[in-house]
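First comes the structure, then the notes that go with it.
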Amino acid sequence: MRLISQEIWSDVLGYVRKNITEVEYHTWFAPVKNLGVQDGSLVLGVRNSFAQEWFRKNYLKLLEDALRSLGAQDPQVSFQVLPAAQDALLLPSDPPPPPSVPAPRAPAPTFTENRKVLNPKYTFENFVVGPNNNLAHAAALAVAESPGKAYNPLFIYGDVGLGKTHLMHAVGHYMLERFPGKRVEYVSTESFTNDLINAIRDDKMTQFRNRYRSVDLLLVDDIQFLAGKERTQEEFFHTFNALYENHKQIILSSDRPPKDIQTLEGRLRSRFEWGLITDIQSPEYETRVAILKMNAEHNRIDIPQEVLELIARQVTSNIRELEGALMRVVAFSSLNNVPFSRAVAAKALSNVFAPQEVKVEMMDVLRQVAAQFNMPPDVIRGSGRVREVVQARQVAQYLIRELTDHSLPEIGQFFGRDHSTVMHAISKVSEQMGKDSELTAAVDLLRRRMKGQDDEDSDA
Ligand SMILES: Nc1ncnc2c1ncn2[C@@H]1O[C@H](COP(=O)(O)OP(=O)(O)OP(=O)(O)O)[C@@H](O)[C@H]1O
């Protein structure tokens with residue numbers, strides 16, 4: 001079963017959550033396990049047969065709508081009762097309230113609950129270095145190797161979704177790997193502010209100060225949100241001084257350089273400028289392709305290079321969006337049960353981005369034919385004379401001739417044959433098409449897929 005990526009499942013849950021009450025969501029959806037996609041159907045693991053029935057009756061349509069919003073043309077969802085052991089893993093520590101009882105108000109978060117941990121994916125190994133980010137990367141690496149000595153603070157700024165948090169966490173991972181006993185604290189400016197407010201309210205300022213002033217590495221995200229918050233600035237100023245004086249490393253991220261953060265106290269601004277200020281720009285095309293490739297490998301998705309290239313051309317600025325686009329294409333192809341191709345990718349992205357004109361390439365056709373005839377592309381291009389292989393090869397040549405501008409000799413060369421073989425293949429397929437309905441249906445389906453047209457009615 002092909003695992004549907006966590007991002008897609010999060011999108012589905014996000015959609016569901018907007019359409020039902022919080023109590024319903026926590027009661028029914030929080031314990032559901034995403035088991036992946038099988039034969040175009042999203043399979044969800046539920047706790048017992050009662051839940052299975054409840055989902056079928058009450059949430060099937062909602063889930064289908066969620067999938068449709070992600071590009072599934074004929075969304076299908078099925079439910080499986082999980083074995084008891086897996087079920088136990090899914091049970092929240094406190095049983096959820098029954099649907100009719102309003103959820104108790106969540107208690108105000110404490111320091112520990114507010115604390116964020118490092119994202120395991122955000123390491124140096126998983127960070128693609130390109131001309132857009134090589135200075136920030138080099139500075140982060142230098143800081144990771146000599147914390148508190150190289151550049152303190154390190155101030156990284158850049159637009160949304162370009163890898164600032166990733167680099168900060170990478171330094172944290174690096175430090176913890178080498179010195180597991182060190183204390184690393186990652187906090188968003190918002191959480192820092194909330195912690196401060198809670199500490200003041202609960203009369204726990206000593207704990208607050210101990211927590212932030214006893215770390216070896218402090219990572220603070222989105223520091224631009226300090227703007228206009230005098231009390232938080234004041235407290236952060238003292239935290240900063242305490243750490244700095246003790247040669248502890250501080251890394252700050254922001255969407256703009258310190259000089260552009262309005263209403264930031266002069267003494268803080270000047271401290272932010274003591275170390276190194278470095279920026280991250282939008283990635284170039286080659287870096288975008290490399291990031292997609294790494295992402296696909298990370299998620300064990302086998303996706304042709306030309307499809308990654310199409311995505312990289314479509315999404316040009318934000319890396320989070322770039323990754324989202326890849327997941328959208330993966331979801332689209334899983335949910336519609338069609339192999340990856342440029343046409344499929346263009347279609348998957350057309351709801352979100354301006355539609356792209358996709359020129360069909362010979363390789364696209366070969367891959368689609370290979371998937372349809374259930375044999376590897378190399379076999380089709382090889383010299384095998386088995387009847388099924390010969391037929392697939394002829395269909396591929398026929399469709400390439402129809403759907404691309406390539407000449408007969410070019411097609412011949414692609415298959416390691418001469419143009420007369422291609423001519424023969426074309427007339428053979430044309431002749432069989434009238435007589436063999438199975439072949440005709442297969443060619444029609446392939447043609448529609450290559451053109452990125454809907455194939456709802458043909459697959460069913
Ligand atoms: N150079 C890179 N190589 C691989 N992945 C990257 C790279 N840069 C960013 N990413 C990925 O892009 C996504 C967004 O990155 P990140 O959250 O670090 O951005 P950010 O700049 O902190 O954004 P924001 O301003 O919204 O906090 C993450 O999934 C991250 O792993």
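Using the three backbone atoms N, Cα and C, a Cβ is placed for every residue, glycine included.
So that you can see what the record holds, here are the features copied from TrEMBL:
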- 1-85: region 'Domain I, interacts with DnaA modulators' (REGION)
- 117-333: region 'Domain III, AAA+ region' (REGION)
- 150-278: domain 'AAA+ ATPase' (DOMAIN)
- GLY161, GLY163, LYS164, THR165: ATP binding site (BINDING)
- 334-460: region 'Domain IV, binds dsDNA' (REGION)
- 361-429: domain 'Chromosomal replication initiator DnaA C-terminal' (DOMAIN)
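THR165 (ATP binding site) carries a helical DSSP state (H, G or I).
For the binding-site residues GLY161, GLY163, the ranking by surrounding Cβ atoms (within 10 Å, all protein chains) places GLY163 first. Per-residue pLDDT, averaged across the domain 'Chromosomal replication initiator DnaA C-terminal' (361-429), gives 93. DSSP states for the domain 'AAA+ ATPase' (150-278), grouped as helix (H, G, I), strand (E, B) and coil, give 67 helix, 24 strand, 38 coil. Counting only same-chain residues six or more apart in sequence, the Cβ atoms lying under 8 angstroms from the Cβ of LYS164 (ATP binding site) belong to ALA136, ILE156, TYR157, GLY158, ASP221, SER253, ILE280. Residues of the region 'Domain I, interacts with DnaA modulators' (1-85) grouped by DSSP class, helix first, strand second and coil last, total 44 helix, 19 strand, 22 coil. Across the domain 'Chromosomal replication initiator DnaA C-terminal' (361-429), DSSP helix (H, G, I), strand (E, B) and coil residues number 52 helix, 0 strand, 17 coil. Counting only residues at least six positions away in the same chain, the Cβ atoms of ASN119, TYR122, ASP221, SER253 sit under 8 Å from the Cβ of THR165 (ATP binding site). Close to the recorded ATP site, the chain also has GLY158, VAL160, LEU162, HIS166, LEU167, SER253, ILE280, ILE319, ARG320: residues not among GLY161, GLY163, LYS164, THR165 whose Cβ is within 8 Å of the site's Cβ mean position.
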